[in-house]
Amino acid sequence: RRTTRGLIKQNKLVRAAALLILCSGFSLLCGCRGEVPPKPTGGVTIVPPIKPDNGPQAYPEAEKSNLPVFTMDYPRIQIPFEITLWMLLASFAKIGFHVYHKITIWVPESCLLISIGLIVGAIMHSVHEEPPAVLTSNVFFLYMLPPIVLDSGYFMPTRIMLHLVLWFAVVGTLWNSIGIGMSLFAICQIEAFGVQDINLQENLLFASIISAVDPVAVLNVFEDVNVNEQLYIVVFGECLFNDAVTVVLYNMFSFVAEMPVVEPVDVFLGVARFFVVGLGGMGFGILFGFVAAFTTRFTSKVREIEPLFIFMYSYLAYLVAELFAISSIMAIVTCALTMKYYVEENVSQRSCTTIRHVVKMLGSISETLIFFFLGVVTITTEHEWNWGYILFTLLFAFVWRGLGVLVLTQIINPFRTIPFNLKDQFGLAYGGLRGAISFALAFTLPDNIGRKQLFVTATIAIILFTVFLQGISIRPLIEFINVRRTNRNLGTINVEIHCRLMEHTIAGIEDLCGQWSHFYWKDKFMKFNNRILRRILIRDSRAESSIVALYKKLELQNAMEILDTVSGDISAAPSIVSLYEEKKSSAKPKKKFLAADLRNMHDILSKNMYKIRQRTVAYTNKHTLPNDSQTKEILIRRHTSIRRSLRPGSFQSTSHKYFSLPAGQSLDLKFPPARLSYTDDHETLSEVAYPTRRSRSGRPTRSSSRAMMPLRRLDTLTEAPSVDTVGDGGRITDHGVSRTNSSYSDSHVAPRRHLNSSNDNDSGSVDNLRNNHHEAPEEEEEPQPSSSSPVWAAEPRDGTTRNPLLRRPQWNPKKK
Amino acid sequence: MGSSSSNMDHIPDAQHLMQETGFSAAHLVRLYERFDFLDKDDRGELRLDDFEAVSELAMNPIGDRIIRAFFSPGRETVDFPSFVRILAHFRPTDTNRTRNGRNGAQPEPANSRTNKLKFAFQLYDQDRDGKISREELLQVLRAMLEMQVTEEQLQSIAERAIQEADLDLDDTISFDEFKKSLEKVDIEHKMSIRFLE
């Protein structure tokens with residue numbers, strides 16, 4: 001609901017945006033106008049006065065050696081200038097889209113980018129300009145592709161069900177390409193179309209280019225339609241993998257295409273090569289990942305260049321793999337995956353943010369540029385149009401995708417706990433848009449392929465078709481077939497609440513039982529990881545579950561976000577809002593609820609209750625950073641409800657000791673915090689990580705006033721980041737049992753033991769201030785009197801100094 | 001994953017447990033492995049932080065309640081039999097059992113409809129007084145709803161919920177009232193998970 005004023009503002013914005021776009025477009029045009037010949041009088045050189053009169057002058061007018069006031073030297077800056085302008089133009093386009101929020105819902109982003117490209121291309125064409133010939137094979141493969149793939153790799157959720165995703169992404173794409181290739185070859189045999197000169201290899205090559213799908217548009221729709229989570233994962237995985245798969249297939253087939261004769265031996269060799277290439281790439285990636293992780297172990301003093309290591313190592317992995325002609329994509333993806341886990345622990349929080357943002361930014365730019373370029377090229381190049389070939393390409397692409405999804409689902413459905421039904425399959429099949437990579441690959445085909453222009457045209461056609469038609473129509477279609485159950489004759493409000501509770505319960509129990517993962521191997525790996533790898537690769541590797549540190553980081557970020565909002569209004573902080581006491585509704589007369597009220601309530605409930613298992617739904621948009629605000633919200637609210645419901649004697653109070661930052665806490669942290677390596681002696685340590693100069697052992701001297709509650713998780717409180725004036729706490733994240741969602745390390749384990757404040761001392765003054773702010777209103781919630789401290793809470797973590805009061809378990813099974 | 005027989009040796013009272021909970025041997029072995037996995041320090045019992053280490057539970061709005069449900073009042077650890085007994089609530093209901101009727105001697109199985117409902121009830125009723133008070137309902141609601149819901153809306157929702165279910169007009173929901181309000185819902189299906197082998 002926008003007021004008229006809002007509308008006017010919007011219109012102004014739109015006009016401004018359009019103007020900007022046009023301006024940059026025109027300046028680009030001017031820029032493209034080849035070299036501007038240097039003006040003779042504009043020479044920058046100051047000619048020395050002893051210019052002899054010998055020889056005829058080059059220019060008729062005398063060279064007065066006046067100091068030029070204004071000169072222009074375009075050729076010197078031409079290339080960087082044009083590149084920057086292109087990027088800027090594309091980014092303006094992106095800004096422009098979000099002016100109208102509704103657009104981005106209905107139209108996928110790739111669509112919009114291509115449209116802008118088309119417009120610019122039309123402008124260029126009308127003034128008979130050529131687009132800058134920058135998109136060469138080298139430029140694409142060496143500069144534009146790595147960021148895109150790094151982006152996919154870096155933000156890949158570790159929770160992704162690899163076998164499922166690989167099944168659809170890899171096998172599906174293979175199926176597609178071989179199917180399309182074969183059928184196109186069959187079509188080529190028909191004389192009427194005049195494309196007999198395309199042999200099988202070239203057909204296969206072309207098919208491999210257009211077969212990988214990028215169902216990113218589907219993700220947005222699926223999120224709103226509450227789809228089966230595994231389906232979501234498959235779709236998301238396809239998005240991530242499609243680039244990699246396309247390029248790998250392309251490389252494979254192009255290798256084959258160049259061979260004049262293909263023998264059966266070559267096919268086997270080809271398959272073998274595929275594996276070598278793939279596995280080799282992974283090996284390189286892992287190697288580089290470990291090296292990078294190891295390097296970051298020592299970068300505590302050079303925080304500013306930490307992100308550089310990440311980028312350089314990944315890029316290096318890519319280039320070295322290219323050197324050996326093995327799959328550079330696998331290399332960079334595995335490098336990113338391996339690296340991320342360890343690096344995010346070693347590196348400071350700001351570096352981590354920087355890395356993520358830059359990775360996302362680079363990937364985004366690259367992809368934007370490619371789409372944009374696609375739009376421009378569509379208008380400006382000479383097309384070779386062949387009705388038969390192109391139409392059949394479209395048809396086959398569609399048909400084979402549908403078939404592929406059908407067959408693959410049929411094969412794996414028996415093994416799935418929740419089989420994919422027809423609606424899911426339709427969504428999967430229809431959502432198969434083609435991505436930017438297809439275009440880039442087609443455009444950079446080697447010229448020895450005779451029908452290259454036809455391929456380019458066909459690729460453009462199929463991209464445009466899928467992106468525009470399918471991309472725009474997919475949302476209405478899916479919403480149509482997934483009609484929300486509006487006819488649900490809503491049981492009562494009661495039922496709705498209880499049912500949701502039960503769903504959450506089931507989700508929780510399933511997670512507890514580890515239903516999702518074949519955790520046997522994962523467990524083995526995690527054990528190996530903990531024992532060996534972490535010790536080597538992580539600075540100050542300590543035992544798992546630094547829950548406190550995690551929570552502190554979470555709160556920190558939350559506080560920072562609050563302060564970052566326009567008003568910086570602390571009172572908007574969620575934790576404070578929920579501190580309001582509920583009014584005791586005693587003796588209130590029974591309220592009558594009208595039907596409208598009821599409908600409202602149902603509405604509220606259905607819209608606002610947390611969806612089950614949000615973890616992958618956070619990745620709705622490939623173009624934005626993963627959104628974990630819901631998770632944060634859950635955790636923060638739990639934290640506040642814990643504080644509110646502290647009751648002596650209740651079970652909760654035993655575990656959730658909350659310490660608030662004592663007022664007037666020293667914020668000056670120039671002294672290094674005590675490396676609080678918790679040996680087993682520390683039994684009752686309350687305000688644990690408060691570092692003091694004196695007590696190296698870590699027992700804080702100042703803690704007496706708060707030392708009410710003994711704490712259990714001693715090792716978690718070893719919050720000992722290095723002190724840097726930039727002020728980050730060490731990024732100790734919890735990598736306990738299940739490393740879900742490690743891509744955003746905020747959303748880890750529940751911060752039950754909320755010790756954030758005491759650990760904030762370690763962080764820089766600025767952050768501490770913020771947290772202090774955040775903590776200020778919570779000061780009143782003091783811990784309970786010591787009488788209620790239960791015995792078991794005092795027990796230390798290890799087994800040696802066992803609290804005698806702890807009841808021994810009846811049986812002591814042999815531990816593996 | 002090792003032969004089941006050798007693994008069963010680790011599990012004390014395996015036979016008894018199987019009978020009590022209705023899990024098969026394969027189920028039990030897998031649950032035992034999971035228990036072992038969660039038990040980071042190899043103590044033979046789980047503690048609060050072991051549960052909390054499961055990060056998905058952290059992100060569950062009612063994750064803390066679920067965890068608490070595993071701990072019997074007064075105890076701070078969960079041993080394997082208790083672990084399994086709680087999980088037994090979530091076994092799919094054996095329809096043939098109910099059809100044959102139960103002789104009075106046999107106690108109601110853990111995964112009966114009533115027991116499932118009881119589990120859910122206890123998620124609300126944290127103070128174990130047998131009633132869901134308005135306050136408890138509000139807490140759960142607050143946990144499950146996003147931030148955008150105002151206090152008044154919450155209050156009215158809770159009010160309505162209690163109004164619907166509260167038959168004896170004591171402003172709380174007792175277990176029977178709870179059960180009655182859910183009589184049309186397929187609890188057996190909603191509160192069951194398929195345990196892997």
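For all residues, glycine too, the Cβ spot is worked out from N, Cα and C.
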Per TrEMBL record, range annotated transmembrane segment [choices A:104-127, A:536-559]: A:104-127
Within-chain partners of the transmembrane segment (A:315-337) [C-beta distance under 8 Å, separation at least 6 from its ends]: 141-142, 145-146, 149-150, 152-154, 156, 158, 243-244, 247-248, 251, 276-278, 280-282, 284-289, 292
Ranked first among A:133-150, A:162-187, A:428-446 for CB pairs under 8 angstroms with the transmembrane segment (A:231-253): A:162-187
Best-contacting stretch, by C-beta pairs under 8 Å, relative to the transmembrane segment (A:387-408) and drawn from A:77-97, A:104-127, A:274-295, A:358-381, A:428-446: A:428-446
Segment-level pLDDT (mean, integer) for the domain 'Sodium/hydrogen exchanger regulatory region' (A:572-672): 52
Chain residues outside the transmembrane segment (A:428-446) and at least six past its termini with a C-beta under 8 angstroms from it: 108, 110, 135-137, 140-141, 144-145, 148, 168, 205-206, 209-210, 212-218, 221, 231, 234-235, 242-243, 246-247, 250, 254, 258, 367, 370-371, 373-374, 377, 397, 401-402, 404-406, 409, 420, 452, 455-456, 458-460, 462-463, 466-467, 470-471, 474, 477-478
